[in-house]
Amino acid sequence: MKKLIYYFGSNGSDGNASMKNVLGNKGAGLAEMSNLKLPIPDGFTITTELCNYFYTHNNNFPKNFQNDLKKAITELEITTGKIFGSTSNPLLLSVRSGSTVSMPGMMDTILNLGMNNEVCNALTDSCGDKRFALDSYKRFLEMYGTTVLSIPSDLFEQIYEKHKIQADIHKDSDITVELLEKIIDDFKWLHIKYTKQLINDPYEQLESAIKAVLHSWMSNRAVIYRKINNISEGFGTAINIQAMVFGNLGKTSATGVAFTRSPSTGEKKLFGEFLINAQGEDIVSGTRTPMPIIANDSNSMQAMMPEVFKELSQIAKKLEEHYLDMQDIEFTIENNKLYILQTRTAKRTAIAAINIAVQMVEEKLISKEQALMRIDPESLNQLLHTRIDYSKGLTSIAEGLPASPGAATGIAVFSPYDAEKLSHHHKVILVRHDTSPEDINGMHVSSGILTIRGGMTSHAAVVARGMGKPCVCGTSNLSIDEKKQILTAGDIVIKQGDIITIDGGSGKIFLGEMPLIQPTFSEESKLILDWADEISSLKVRANAETVNDALVSIKFGAQGIGLCRSEHMFFDKNKIPLVREMIIAPDIERRKLAVQKLLPLQMEDFKALFRVMKDKPVNIRLLDPPLHEFLPTTEEDKKNLANSLNLPLSMINQRLHAMHEVNPMLGHRGCRLGICSPEIYQMQIEAIFTAIFELHKKEHIECNLELMMPLISNVGEIKKLKMDIYEVIEELEQRYRYKFSFMLGTMIELPRAALGSKKIAKEVDYFSFGTNDLTQTTYGISRDDIASFLPYYLEEKIFESDPFTTLDEEGVGELIEIALKRGKSSNANLKLGACGEHAGNPASIEFFHRMNLNYVSCSPYRIPIARIASAQAKIKHG
């Protein structure tokens, strides 16, 4: 068996920062801080190896583990000068989880372990403060009871509140020694009621606590968190056992969390909060609203504890310069002595990540490549958060702490269950006293989070920032009744289902729906995206059909349009009647008449698009979807169509019935339409090329056209369509006495097209892989119907991910690789692109880079994500 226990503390450490897979994120940090000679409580880390052994051996420990554990405790007793379980000089322990990947609040912690009546009395004698000793005992009974014995936490809360009410006490700090003794007696009774015993033996407490932490690795909340954040279950958790240091030892003791820069904005100054006379869980749980570390008022640590603040500032600077990244630091102050409990790379908003990365490049701490690799591409969604338009003279009903930026409007809900249930049909704002790890699913589906208690480093704030959701915490001027499902702000009562708006940037709360403004990129955001473009070889284009789409795409840095779905232009209310006439017309003459009516409308659409894009490439796909998408379904629409064609309604119904397809997505669509009804594609070709000519002649705009044929399955279809297309173009060239320049390409979205790509490539200038349909036709799964069984497939690990979100490299990816190799073998100059949902997915973009594609094309709002992902792929793979 590998070594299971590593020491750290004032005498150095057995480990270091590189050992995260063995020691976990927290343990590796403690080891490294020991090596840096920073003030940390002595302790040891039990490696992730124990967790993996535990789960593969029926929840049992290895043979000699108990002996190794006792040896480790003995070493700790020697370095601290205290004895575990002693009735004269007791050593108390903290037992904390520590995954290899940070999972804040998702797993269990037990503080003050080793407590019993005798130890409590000894602690009183050694420190001379009975209230402190009793408070520590009370905390242990509650934490051990909920974490190890699975006693519902609200039962402890009820006992605590009952005694406070009976004694007419409102502040925790006013609780007397006598009242604490009564609360402890009731907590003990609760232990005995649930487990038939009170565990007083310190070693029995320790072993059961270790097992509880190991069990928490597979707790529901931890499993959900890993699933949401794509963290492997195979990592396991380490366990960190340390000598307790006490932040609840009076007015010269405290606990807190500090960030070396702002996790919301990235501003370069120490940021964080602390609580005097408290333990760590008080600040993280959000049950008390903390005070700032640095501020201009007398309640800040800077003002109240200037010497400790100075030392903390120096340590924060040292840690950031050592790790070359922003740090999240947990600390405790015991009688004015500072101890660092943990440091880790801090979670941050997207804008903070960008600002910090740019700052650190400018400070010459890291390179541009390192800066880019620190940006989570998906987190850039946060840059697209809306904000409230305050120019409208709005009045808020309450204000709290701005815990996570962005504005959100939705109906108020008061439980995670209701959030999940109602989010299917509404945007929801989850309103709670404070959130806990059990709320993770409800938080995930909510548009925003509002808590009455807690600060900027509470569970709600940290998780919301990680998810990129707006959050307001610490709204002390609001009151909530979760059972009655009402929120009160003065005379205003908000019930479940009422619409509210929260602003996570200012902390303001509003009744009703507020006007919102779309965000703009900061200069730092533009700069880091420019760095991405400098490095990446895979260009990023947009899927766009409208002028608005094109403008948004250019704003976000698109290098062209990689997919213009021309049929989207047909769904305009002025065009759809003409499209229906074209489809339903019983003879060629009437069809041509409808086509001619559509021609000028489609031409204006293309002109508007080309005008915005100027000389950037615009890849237009000819009409693709099945005709049923355009056909009338209501009686009113059918009657209107009959009138416009001057046909009886019965004939319209006959035509509709004749055109019915059992499986339209694999039926009369794409190039099959263009071959069987050539006048449709002829009209589109004339509209496109006439638009190009008129822009050239009248506005001196030189368009960069790429023309694409959809749903090709064999080279015969290509040859037929090419003949028809060039016939129209040649006629237009003669009419306008102008030579058109363009590229002709095809979608590769059917397996047969991929396999037959050698012949197809000879006929075209480029391939664009339509990965949506290629995935559908490879799997034989409809993208619209996969939701009915996908959750089960993911849960059973039949699929590792949704194949319509992340490209299946083994199946669909192999077809793409076959197609590009065979295509290039017959056409060395063949250009390659990809469009569809996968083109905006970072993991899929990495695959496209490895395949040496020229570009990807995604929705406008995925462009920043794709630009960063493209650069990261280049940095990783060259």
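Note that Cβ sites are derived from N, Cα and C of the backbone, with glycine treated the same way.
Quick look at what Swiss-Prot lists:
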REGION    1-347  region 'N-terminal'
BINDING   Arg96  ATP binding site
REGION    348-404  region 'Linker 1'
REGION    405-502  region 'Central'
ACT_SITE  His459  active site, tele-phosphohistidine intermediate
REGION    503-537  region 'Linker 2'
REGION    538-878  region 'C-terminal'
BINDING   Arg565, Arg621, Glu749, Gly770, Thr771, Asn772, Asp773  substrate binding site
Listed in sequence order, the residues of the same chain lying six or more positions from Thr771 (substrate binding site) whose CB sits under 8 Å from its CB are Glu749, Leu807, Val812, Ile816, Ala834, Cys835, Gly836, Glu837, His838, Ala839, Ser844
Same-chain residues at least 6 beyond the ends of the region 'Linker 2' (503-537) with CB under 8 Å of its CB atoms are 351, 354-355, 357-358, 368-369, 371-372, 375, 383-389, 392, 394-409, 448, 450, 464, 469-472, 475, 478, 489, 492, 494, 555-557, 849, 864, 867-868, 870-871, 873-875
In chain order, residues whose C-beta lies under 8 angstroms from the C-beta of Arg621 (substrate binding site), counting only those at least six residues away in the same chain, are Leu563, Cys564, Arg565, Ser566, Met708, Met709, Pro710, Met747
Around the Cβ of Asn772 (substrate binding site), other Cβ atoms within 10 Å, all chains included, total 16
Simplified to three states, DSSP reports Thr771 (substrate binding site) as helix
All chains considered, the count of other Cβ atoms within 10 Å of the Cβ of His459 (active site, tele-phosphohistidine intermediate) is 23
Going by C-beta under 8 A and a gap of 6 or more residues, the same-chain neighbours of Arg96 (ATP binding site) are Lys26, Thr109, Val213, Ile239, Asn240, Ile241, Gln242
Most Cβ neighbours within 10 Å, among the binding-site residues Glu749, Asp773, goes to Glu749
Around the recorded substrate site (Arg565, Arg621, Glu749, Gly770, Thr771, Asn772, Asp773), other residues with Cβ within 8 Å of the Cβ centre, ordered by sequence, are Leu563, Asp624, Pro710, Met747, Ser768, Leu774, Cys835, Gly836
Argmin Cα dist to His459 (active site, tele-phosphohistidine intermediate) over the binding-site residues Gly770, Asn772, Asp773 returns Asn772
His459 (active site, tele-phosphohistidine intermediate) falls, by three-state DSSP, under helix
Arg96 (ATP binding site), DSSP three-state class -> strand
Row Arg565 (substrate binding site), column other C-beta within 10 angstroms, all chains, value 18
The number of other Cβ atoms within 10 Å of the Cβ of Gly770 (substrate binding site), counted over all protein chains shown, is 28
